[in-house]
Structure formats: C-alpha cells, structure tokens
Amino acid sequence: MLARALLLCAALALGQAANPCCSNPCQNRGECLSVGFDRYKCDCTRTGYYGENCTTPEFLTRIKLLLKPTPNTVHYILTHFKGVWNIVNNIPFLRNAIMIYVLTSRSHLIDSPPTYNAHYGYKSWEAFSNLSYYTRALPPVADDCPTPMGVKGKKELPDSNEVLEKVLLRRKFIPDPQGTNMMFAFFAQHFTHQFFKSDQKRGPAFTTGLAHGVDLSHIYGETLDRQHKLRLFKDGKMKYQIIDGEMYPPTVKETQVEMMYPPYIPEHARFAVGQEVFGLVPGLMMYATIWLREHNRVCDVLKQEHPEWDDERLFQTSRLILIGETIKIVIEDYVQHLSGYHFKLKFDPELLFNQQFQYQNRIASEFNTLYHWHPLLPDTFQIDDQVYNFQQFLYNNSILVEHGLTQFVESFTKQIAGRVAGGRNVPLAVQRVAKASIEHSRKMKYQSLNEYRKRFLMKPYTSFEELTGEKEMAAGLEALYGDIDAMELYPALLVEKPRPDAIFGETMVEMGAPFSLKGLMGNPICSPHYWKPSTFGGEVGFQIVNTASIQSLICNNVKGCPVTAFNLPDPQLAKTVTINASASHSRLEDLSPTVLLKGRSTEL
C-alpha cells in the first residue's frame with residue numbers, strides 16, 4: 001500500500017514538473033523537443049552546430065565565426081570612413097555586391113515560410129496556414145514554465161505602471177541626435193499601419209491585415225467593399241474633393257466609409273481614407289492626402305499613355321506603381337536615414353534574382369511590438385508660427401486645411417523628433433499606448449530580451465548596466481526584474497543605450513532590419529515575373545517607380561515643391577542633446593498629460 005502511494009506521488013510530481021525546454025537549453029537556433037516529462041532533445045539540423053545543446057560549431061561555422069565582425073563593428077565601419085564610401089557608392093559592381101550582402105544577410109534571419117504563432121510554439125499547419133495570426137520569430141514561453149520568462153527571474157513580472165513610471169515616461173523631451181524630423185515620424189506611422197492591424201476583437205496575437213506586407217491597404221482599403229466606396233470609377237481614380245483649389249480626401253458622408261471620429265467632429269471635417277484610424281492626427285491625414293494626389297496623378301499619366309485602357313486597369317496599374325514608389329522611398333530615403341550609413345542603399349530587385357529568396361512575407365508580432373516608436377513624438381506640434389498640444393492636434397483635420405499641405409511639410413521638415421532609445425522619452429500623452437504594448441507582450445508570452453538577442457545573432461547582455469549604459473535606471477530595472485535574463489523585450493528596446501549619436505540601440509536595429517528588408521523585398525512586384533516595365537504600364541510607369549523619392553513625392557503633389565527630407569535641414573540643430581535619460585530627475589507628478597489616446601489608437 002505504501003509503495004503504491006509513493007508511486008502515485010512520484011507520478012504526480014513528474015506530471016507537474018516544469019517543461020524541460022523552459023530553460024531554453026538549445027542554442028544557436030537549435031530546437032528543443034521534450035522527451036517524456038523531464039528530458040529534452042535538441043534538434044541541431046542545419047544550424048552549423050552539433051552536440052547535446054547545439055553549442056559545438058562545425059568546421060565551416062568556426063571559420064565564419066572567426067571572420068565575421070560583430071554588429072557594432074559593422075555599424076561603425078558603415079557610419080565612418082565617408083571618403084571611402086563615396087568611392088564605393090560610385091563603383092556600380094562594388095555597390096551592388098555590398099547591397100546584395102546587406103539584403104541577404106538580413107532577410108535570411110527571417111523564417112520563410114513562417115514557423116510559430118502565439119498559440120503554437122511548435123511547427124504546425126495551423127501556424128503556417130492561418131493568416132489571421134501574426135507569426136512569431138520565437139515561440140511563446142510555455143504555459144507550464146515556472147516563471148514568465150521560462151526559468152529566470154521572478155514568479156511575477158513587475159507592474160506595468162511601475163515600469164512606465166521608472167524608466168519609460170518622459171521627464172523632459174530628449175531630441176534625436178540623428179536629426180530625425182516629424183516628416184519621418186508621421187511617415188513611419190502612416191506606412192506601417194497598412195500591415196500592423198491588430199484585431200481588436202480577437203486580441204494582439206491576431207491581425208486583420210491578411211496581405212502581411214506592403215499592399216497600400218491604408219490608401220485603398222482593407223476590403224474590396226471599402227475600396228469600391230473610395231473609388232471614383234472613372235479613369236482609375238480615387239474619390240476626392242477640392243478645397244481652396246487643392247485636392248483632399250472625400251468625406252465619410254459622401255463615401256459611406258467607416259472611419260473613427262469622435263461624435264463632436266463636424267461632417268465636413270470627417271475625411272475618408274483607406275485606414276479607419278487615420279483621422280486621429282493631421283500628420284497621418286497629411287500623408288493620406290499626398291498619396292491620394294499621387295494616385296490620381298499617376299492615373300493621368302497612364303491615361304495619356306494608354307487611352308485604350310479602362311478604369312479598372314488604370315486603377316490596378318496605378319496601385320502597383322505606388323507600391324513600387326513606396327518600397328523605393330522606404331529603402332533609399334527612410335531606411336537610409338535610420339541606418340546613418342555612408343554606404344548608399346539601393347532598391348533594385350534584380351540584385352536578388354540569382355539568390356535564394358522567397359517572395360512571400362508574414363508579419364511577426366515582435367516586429368509590430370518593436371515598431372512602437374512613441375518617443376519620436378514631441379510634446380507639442382508647431383505648424384508655421386502656431387503651436388498645438390496633443391489635445392488640440394487630435395482628430396483635427398481642420399488644421400490641415402487651414403494651414404495647407406505646404407506649411408505642414410515645411411514645418412514638419414524643421415521640427416525635430418524624439419530619440420527612441422535611452423529611456424524616459426515616452427510622452428505622457430501616449431502612456432496608455434505604451435502600457436498596452438507591455439501588457440500585450442505579456443499576453444503573447446514573449447521570451448526575454450536576451451533570447452531575442454541570441455535569435456538575431458547578438459551576444460546576450462550580462463547586466464542591466466550593460467543594457468542601459470548607466471547606473472541609475474539599471475538599478476531600478478534590477479529591482480523590478482531581478483535578472484537580466486528575465487528582462488522584457490519592449491521596455492528593453494526603449495531603455496537600451498543608443499548607439500553613438502543614433503536614434504536606436506543595437507537590438508532595435510539588428511531585430512528590425514531583417515523584418516523590414518524581408519517584407520519589402522519579398523513583395524510580389526520585386527519578383528522576376530513582376531519586375532519589368534509592362535507590369536507598370538510601360539517605360540513611363542517603370543520610370544516613376546525607379547525615380548521615386550520623398551522629395552519627388554512632395555514636389556509632384558504639394559504646391560510650391562517645398563524642400564523636404566527625413567532629417568532636419570540643419571544637422572547642427574541636433575548636436576546638443578542629452579546622451580542619457582538618467583540625468584533627468586524631475587518627478588512625474590510635476591508633469592500633467594494633455595490627453596490619453598483611447599480605443600483603436602492603442603496600436604498607434
């Protein structure tokens with residue numbers, strides 16, 4: 001009888017034991033497979049490593065490791081030696097070879113086809129085929145692990161409000177030393193919300209953006225019904241209205257398109273565009289208006305080239321041209337600015353035609369999370385000689401009409417954005433959004449910062465001080481989390497020490513770049529069967545794509561062709577900045593937020 005009781009107790013203990021894979025024993029992208037209740041096996045297939053935990057490098061891997069520089073070394077080389085890079089940029093075969101390396105080395109870090117999602121931490125047909133999920137770069141922490149980060153850290157994560165108040169919320173605006181401006185900030189927000197579309201009913205693990213990439217649904221609408229309501233059905237164009245001699249989006253009343261506006265907004269100020277949340281701030285509506293004008297302009301060009309084409313073909317071809325323009329602007333202007341490289345990035349799909357590359361993409365929830373760059377936002381917005389706080393700015397399309405696009409572009413080009421890394425720079429006005437980012441990450445059971453660093457070929461941090469580059473915030477984080485291996489991803493990205501004179505820290509760049517470049521170059525228009533003049537209506541349409549830039553987009557669609565870029569016109573304005581947020585000790589209670597964003601804006 002006693003023997004049976006002991007056997008039963010042993011069985012119960014074994015059944016309740018922690019999943020042996022909770023400690024993430026398999027290294028170098030080896031996959032952990034539990035064997036019974038207390039053992040595991042690492043699958044090291046095609047990792048370049050072998051051994052019980054995939055830690056012993058194969059011969060070729062050893063050579064690669066000896067020759068491969070660290071990410072920070074590569075970044076240093078690319079952001080220094082300007083004279084050398086000027087020569088490289090003017091030698092086509094050298095520039096092409098380096099660009100091929102940049103694209104392949106980054107994009108090969110992204111699993112394609114996708115592997116996991118929030119509910120499947122192992123390979124499954126559901127994780128592959130169900131497009132309503134965001135994919136995952138790393139599987140979620142198993143439900144039966146002893147701590148939220150597996151086996152490291154405390155039994156419970158710290159209160160999200162405490163994390164916000166101690167290390168994330170702004171005491172004083174910290175400008176970006178790279179000179180990033182508000183034209184960039186609103187472009188980022190506008191561009192990414194064609195594929196970051198979390199399903200508000202089902203939760204943060206799900207998306208309504210089933211195209212999972214650059215489809216310009218934020219211009220044309222997510223569904224065919226919405227698209228049809230926004231279309232003019234004449235000459236391929238989108239509906240519009242003329243105000244003071246300039247083209248603006250049509251109204252909700254005219255289109256019967258659902259948009260998110262508070263009830264007090266008058267009908268004439270309720271503009272209707274592809275993304276239902278873009279009425280939130282005039283900066284988003286500015287870009288929505290610019291792209292509306294560009295679509296209708298391209299339709300006019302194609303109509304002149306092809307008078308025989310019907311409305312549908314003019315519309316569809318114009319959409320492909322705008323997709324091409326978008327990708328070129330993102331790579332050659334947007335990513336170029338973010339990188340800080342002296343090497344000149346190049347959008348040329350032909351560079352990958354002889355490489356192993358899959359023309360498909362799936363948006364990862366980690367990519368969505370890391371793109372919450374709310375520190376970019378200033379405390380106030382200056383248009384010409386008028387200053388608006390958040391409360392005056394939100395849902396106020398009348399500002400856009402009153403000032404006009406020219407003043408908006410000129411003003412946002414000159415207004416500096418905030419630094420994203422380094423901590424304590426999230427505006428109080430959007431603290432609810434930052435809090436939601438933390439809580440959504442926990443709901444989706446993200447692994448720790450260090451696990452993501454290893455996944456993207458970076459060395460794990462050994463201390464909080466190494467993460468932040470200072471002592472005060474590091475001590476606060478250690479008190480909150482207890483172990484650097486239990487540090488959460490999202491807060492870590494915002495408190496990580498920035499690279500020298502840069503907007504981001506190492507992890508943000510090394511994680512974000514692979515997702516970004518794979519998503520851009522994995523677009524169908526970049527594939528061999530699409531990338532040819534006939535796809536874009538002939539040489540004229542192909543030329544529009546191949547000559548696109550943020551400056552040409554503005555020149556073609558904004559009166560007076562104001563000079564613009566994604567950085568301040570005078571780089572000296574960004575030089576005198578605080579390097580570390582720990583220097584600011586002002587109390588949060590001394591500052592009062594203007595407004596808390598609500599509803600669908602948690603993703604903005």
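Placement of Cβ uses the backbone N, Cα and C atoms for every residue, glycine included.
Keep in mind that this is a model prediction, so the values were computed, not measured.
Checking the candidates Cys22, Cys26 against Swiss-Prot, the cysteine paired with Cys42 through a disulfide bond is Cys26. The shortest Cα-Cα distance from Cys145 (disulfide bond) to any of the recorded positions (His193, Tyr371, His374) is found for Tyr371. DSSP assigns Asn53 (N-linked glycosylation site) to coil in the three-state reduction, placing it in neither a helix nor a strand.
Long-range C-beta contacts of Asn53 (N-linked glycosylation site), restricted to its own chain and to partners at least six residues apart, with a cutoff below 8 Å, comprise Pro25, Cys26, Gln27, Gly30, Cys42. Per-residue pLDDT, averaged along the domain 'EGF-like' (18-55), amounts to 97 for this model. Per Cα geometry, Ser516 is the residue among the recorded positions Cys22, Cys44, Tyr371, Asn396, Ser516 nearest to Arg106 (substrate binding site). Counting in whole angstrom, Tyr341 (substrate binding site) lies 27 from Cys561 (disulfide bond) by their C-alpha atoms.
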